[in-house]
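Taken straight from Swiss-Prot:
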| type | residues | note |
| --- | --- | --- |
| SIGNAL | 1-18 | signal peptide |
| TOPO_DOM | 19-388 | topological domain 'Extracellular' |
| ACT_SITE | His29 | active site, nucleophile |
| CARBOHYD | Asn37 | N-linked glycosylation site |
| DISULFID | Cys133-Cys369 | disulfide bond |
| CARBOHYD | Asn145 | N-linked glycosylation site |
| ACT_SITE | Asp276 | active site, proton donor |
| TRANSMEM | 389-409 | transmembrane segment |
| TOPO_DOM | 410-426 | topological domain 'Cytoplasmic' |
Amino acid sequence: MRVLFYVSILVIIASVHTQLISVHVIFRHGARAPVLNVTSEEAKSYFYRGLGQLTDEGFEQARLMGKVLRDRYVNSFVDARMLSSQLLFRSSPVERCLMTLQTVGNTMFPNATPPVQTVAKPDDFLLVPKLDCDFQLGEWDNYFNLTESDKKMARKNPWFVSDKALRKAVTKTDFLQDRGGENLPALILEKEAGLAVPSWFNEGAYKESLHVFYSALAVMSSVGEYKSSKGIRIKSGLLMEKVFNDIQEKVRCHEKKEVSNIKCDIHKLQVFSSHDLLILPILETLGIREEVLGKDMPPEFMSTIIIETMIVDNSPVVKVLFRKNPREITLRDVTGFVKNCPPGQPLCPVQRFTSCCNEFITSDPKSECYAETTVEKQSEWVMTPLSWIIVAIAILLLIALILMTYFVIRYKNRSIVNIKKLSLEN
């Protein structure tokens, strides 16, 4: 009887037809050097590629990510020969992101590395979070009561505000009370790399510094206590709209495929390499930030969000996976925690998933970010050389018209006078 029960279970499982139709992978770059400065000669030697550059550990993390993706998708989902039509590899133009994605791609397809696409930083609203939007200064002013001098500094360098958030967070700590002026982001990376750090930067100070560093990121990414729907839209809204549209398009394609036998393989695996300032608002958008990162914690290097779309018994559904630690090879299923999805369930209907977060998506972040500037530019009158020529011609024509009118009136008046004289003489 028990054998019959297990056999029936296996029959039911086997009868469920599942087809993976699209995958979106979004990750933070691998381990890097501090961006602004290091705190010792030892650190300077260790981070030999320079500030902000990928480290040897970062390359290893990228290779492991490539292995995870290769084992999960290459052969079983995409062609192992690397057909570029099936893939979209897109990176932020920042070198550490480009190198991370290139390494991931090379590990997935060792015989033919996928082409990596990118866009210049000022024009990239997909993977480069914008920090210079007009409205953000107003939001920051509400948080920190900025002086006019502060506002000038923030316009010149938005990270000035991040430092304010960091110093504010330091005042709430136990170990870091008098350390607001220290280079905490660099010390975090140096300690994680196993380098010597000051004695005061013990384990307690290190753990507190992670929360402090999160606060510095939160204000720039518009999440947590600094949550702003508009701020999130500007940073991750275009990418999330693309993901939702891609999913819906793939579902429509496969519905048509049933009757017309069309191909639906174009860009069915998309991989994006970006920054912590993009990962945070995406997690906030999906409603899973605290669940996957912990309370007030920053994303680790190579933090990865994977969205799989599949057809299960003719129903389009989504599975959301997360990889927190750069050394992990397992993926955590977090579908049941995603906003608008059935709680605790391993699959989420596509319709519910793609309608989860309308307040956080946008098709035109540029106009939302620079709305006032755009209006001002449109209303400005710019005098080009051609404009001056046209104005000069118009003035000459006006003068000529006035003179012609004057002479016509004068001639007409003379004619009337002559007629009157003739009438009197006759």
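Keep in mind that glycine also has a Cβ here, set from the backbone N, Cα and C atoms.
Within 10 Å of the Cα of Asp276 (active site, proton donor), not one of the recorded positions from the list Asn37, Cys133, Asn145 places its own Cα.
On the 0 to 100 pLDDT scale, the model's mean across the topological domain 'Extracellular' (19-388) is 94. Put simply, Cys369 (disulfide bond) is 22 Å from Asn145 (N-linked glycosylation site) when counted between their Cα atoms. In sequence order, Gly231, Ile234, Glu368, Cys369, Tyr370 make up the list of same-chain residues 6 or more apart from Cys133 (disulfide bond) whose Cβ falls under 8 Å from its Cβ. The secondary structure of Asp276 (active site, proton donor), as reduced to three states from DSSP, is helical. The most crowded of the glycosylation sites listed here (Asn37, Asn145) is Asn37, judged by how many other CB atoms sit within 10 Å of its own CB.
Distance noted between the C-alpha atoms of Asn37 (N-linked glycosylation site) and His29 (active site, nucleophile) is 19 Å.
The Cβ neighbour count for the residue listed as 'active site, nucleophile', using a 10 Å radius and every protein chain shown, is 26. Note on Cys369 (disulfide bond): other Cβ atoms within 10 Å of its Cβ, all shown chains, come to 24.
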